[in-house]
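Engineer: Taken from TrEMBL, the feature domain 'CheB-type methylesterase' covers 102-276. What TrEMBL lists as active site is S107, H134, D228.
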Amino acid sequence: MGKHPDCAAPGHRTPVDAKLTSRRSAFPGEAGEDFVLAVAFEAVRRGALEVLPKPEAPEGWKELAQRLPELVRTAAGLPAHRPVLKSPRRLPRIAPRVVEWILLGASTGGPGALRAFLAALPPAVQVPILVVQHIAPGFEEGLAHWLARETGRDVRVAESREQLKPGAVRLAPANAHLRLAADGTLEVDTETPPRQGHRPSVDVLFESTLALRPAHVVAVLFSGMGSDGASGLLQLKRAGAVTAVQDEASSAVFGMPKQALELGATEVALPPEELAHFVAVTCGEEG
């Protein structure tokens with residue numbers, strides 16, 4: 001990275017807007033502007049590590065000052081071009097089952113992984129998909145539009161009391177927990193405090209299905225810092241769900257998947273495209 005990170009703002013043409021030269025970059029920008037969203041997710045498509053909003057208050061600048069060095073250190077440790085491993089893999093033998101919900105959790109490096117997973121998931125897999133992606137407020141709508149455009153799927157930000165349709169992909173709003181209610185509708189919760197600093201929390205989403213039919217759940221944990229989702233994934237596995245994580249070679253940050261593996265929450269670790277095949281086979285669709 002150079003001395004000045006790529007920064008998007010209305011009326012300002014950025015290096016990303018013209019041609020991205022950095023494969024991994026922290027990317028501050030101003031939320032809520034179509035221009036910024038377009039540039040931000042073009043950066044993600046080309047390999048940006050994370051999208052961050054430009055703070056509007058002094059407290060926001062303090063939070064950014066704490067967050068940015070960690071991202072820069074992470075980005076500095078990544079190769080410009082991550083190798084694609086071609087070694088043969090043997091998928092675990094899991095008999096196809098009735099799958100009612102696919103749950104996905106991600107943080108740093110997640111948008112690109114989600115794009116790859118959803119794009120590779122066969123259209124025949126018509127199971128509702130719920131996603132918790134740690135993302136700054138103001139960018140979730142842009143992420144939903146971008147994923148919809150890139151994958152051809154019905155991707156939107158979740159709304160409370162929404163009835164899930166087959167194949168629909170719903171993202172947790174920024175700064176709100178997402179749960180699956182007992183009647184199968186969605187619950188968006190802005191009142192419950194963050195879990196381990198995260199709202200939305202992957203653990204909250206995963207745990208919400210434990211009282212329903214966890215044996216009909218497939219849950220996947222993608223790239224991200226920290227441990228959010230690892231405990232919930234373990235609980236789902238113990239309750240009979242099919243669980244998996246993104247592998248280290250394809251993860252921008254192997255924190256969350258690594259924690260899940262160390263807890264014994266899964267034995268399946270694959271790149272996003274192969275995770276899509278694994279999920280499709282579990283759903284009875286070979287892809």
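We count from 1, first residue shown onward.
Placed from the backbone N, Cα and C atoms, the Cβ positions cover glycine too.
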Engineer: For the domain 'CheB-type methylesterase' (102-276), what's the mean pLDDT in this predicted model?
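Structural biologist: For the domain 'CheB-type methylesterase' (102-276), the model's average pLDDT rounds to 97.
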Engineer: About how far apart, in whole Å, are the alpha carbons (Cα) of D228 (active site) and S107 (active site)?
Structural biologist: 9
Engineer: Distance between S107 (active site) and H134 (active site) at the Cα atoms, whole Å?
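Structural biologist: Cα of S107 (active site) to Cα of H134 (active site) measures 5 Å after rounding.
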Engineer: Which ones in the same chain are close to H134 (active site), with CB under 8 Å and 6+ residues apart in sequence?
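Structural biologist: Result: A106, S107, T108, G110, H198, P200, G224, D228.
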